[in-house]
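What follows is a short report on a single structure.
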Amino acid sequence: MSDNLSLHGTTILCLKKNEEIIIAADGQVSHGNTVLKSTARKLRTIANNKIIAGFAGSTADGLALFEKLAVKIEQHKHNLLRSAVELAKDWRSDKYLRRLEAMMIVADRSHILILTGNGDVVEPENNVAAIGSGGLFALSAARALMSYENNLTAEEIALKSMNIAADLCVFSNHNIIMEKVV
């Protein structure tokens with residue numbers, strides 16, 4: 001394996017239930033099989049918490065993409081979908097951006113989007129999205145809880161799902177940060 005294990009070493013989960021949208025992230029930063037930090041903040045807000053982004057992959061690359069997305073959001077008057085598509089166009093055509101190794105989940109009141117390193121913009125089904133090495137664990141847990149636990153809030157589902165992912169993924173931890181889209 002390459003030194004680039006940090007590309008997959010995290011868990012980011014976003015879900016919508018009953019008009020409540022939550023994005024959650026673990027706090028672990030790994031390089032190979034070494035934990036470099038356990039309290040990293042992988043979520044960022046834009047437009048007074050109306051848009052929230054979480055990133056997986058290289059921290060520097062994730063922050064660079066977040067900055068570019070923030071500029072697009074301002075240019076397009078907080079239209080998340082248009083901003084994401086414009087960022088994806090840049091990501092595909094710019095030689096520098098094409099080398100960035102990161103993925104993002106971005107959400108506002110209307111959309112949950114996954115932005116991939118290939119310049120794709122994906123709006124997932126079932127109001128749940130997850131990325132990173134623990135993403136499939138968190139996604140599976142969230143979908144199951146949303147289907148069978150009607151009494152849980154979006155925040156409770158996110159926390160339970162992230163804890164399951166942290167139990168199973170060695171590149172994720174239980175230091176979970178959550179943000180709510182307002």
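Quick reminder: no glycine exception, Cβ is built from N, Cα and C everywhere.
Not measured: the values here are computed from a predicted model.
Thr10 (active site) is surrounded by 31 other CB atoms, counting those within 10 A of its CB over all protein chains shown. Under the DSSP three-state reduction, Thr10 (active site) is assigned to coil, being neither helix nor strand. Per Swiss-Prot, the feature active site maps to Thr10; the stated evidence is sequence analysis.
Of all the Cβ atoms in the protein chains shown, 28 others lie within 10 Å of the Cβ of Ser172 (Na(+) binding site). Taken from Swiss-Prot, the feature Na(+) binding site applies to Ala166, Cys169, Ser172.
Distance from the CA of Thr10 (active site) to the CA of Ala166 (Na(+) binding site) is 9 Å.
If you measure from the Cα atom of Thr10 (active site) to that of Ser172 (Na(+) binding site), you get 5 Å. Counting Cβ atoms from all protein chains shown, Ala166 (Na(+) binding site) has 22 others lying within 10 Å of its own Cβ.
The DSSP secondary structure for Ala166 (Na(+) binding site) is helix. The record gives Ala166, Cys169, Ser172 for Na(+). Within 8 Å of the mean position of their Cβ atoms, the other Cβ atoms in that chain belong to Thr11, Asp26, Gln28, Ser133, Gly134, Phe137, Met162, Ala165, Asp167, Leu168, Val170, Phe171, Asn173, His174.
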